[in-house]
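To start, the structure itself, in structure tokens.
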């Protein structure tokens, strides 16, 4: 087994975000406002179960303990349950999570849990059904809420909910969100709107700093918790009267990248060192045979030497990320 993946800035990487498709059936305003438009990749062009098995085996050998399956919408893959099971074949991987729009959660949460899934993140940008429809292009609010309930019923002890923070859209709804998580063990994560290549106008119109919410939380008696390794870049707040927690993810905050612990592999097998980095390193030619594992590990380790200390979002440099479905956010 190789040593733990570590970059030139002594950051250790134990978390892999693995995109398995860039197809999505929602049309979120900040991601795919015009809906999914196939590029050069057909469904047959995405990583196969065997390729996923090989890439996660290599990362597990390099110290990866957590894999998050992303998209697009991962559950649109008909073999999604098989993918969960394939990742779970690696004993070193202790956590297998998914980020989903919740579209199929009510139907499939129990099956995913049985296959080995340990964590669920659901995207919910508004608790108002009409506004949810306006943001996502889908009238599925009640279906997604039922999915969150189904996740708890299936045995997931905590569900994370991702909410993209947008000025004049949902930034003023903090009290509504807090009331929702008071009786529920949900970690509600407000994510600052990030600029992407296709979303510059939206960013200028709707970006608001997460510091605004942080100040409001502190006023209301919420306590900033000591950072746990599993938090990654999130600042987590708790309150003695609430079963839920609040997380703030603020990529424009000073030193945001200092706690980076994750690498990304796209749905076509490219290693990306940063969500907003350039290029990417193709791994796919080394995912065709089990005998290639050593060479695959070497390529991953060598690529990490090029990881930059920080992103360049402050200079409006969004790198290769034209939209957030591209490499899974």
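The backbone N, Cα and C atoms fix where each Cβ goes, glycine too.
Marked as GTP binding site by Swiss-Prot on the basis of sequence analysis: 17, 68, 99, 160, 262, 263, 264. The Cβ neighbour count for residue 160 (GTP binding site), using a 10 Å radius and every protein chain shown, is 18. In the three-state DSSP reading, residue 160 (GTP binding site) counts as strand.
The [4Fe-4S] cluster 1 binding site annotation in Swiss-Prot covers 24, 28, 31. Annotation note: residue 31 ([4Fe-4S] cluster 1 binding site) sits in a coil segment as assigned by DSSP.
According to Swiss-Prot, the feature S-adenosyl-L-methionine binding site maps to 30, 72, 123, 194.
The annotation [4Fe-4S] cluster 2 binding site is assigned in Swiss-Prot to 257, 260, 274 on the grounds of sequence analysis.
Taken from Swiss-Prot, the feature domain 'Radical SAM core' covers 8-234. On the 0 to 100 pLDDT scale, the model's mean across the domain 'Radical SAM core' (8-234) is 93.
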Binding-site residues listed as 24, 194, 257, least Cβ neighbours within 10 Å: 257
By Cα-Cα distance, the member of binding-site residues 24, 30, 194, 274 nearest residue 262 (GTP binding site): 274
Candidates 30, 123, 194, 257, 260, namely the binding-site residues, that fall within 10 Å of residue 99 (GTP binding site) by Cα distance: 123
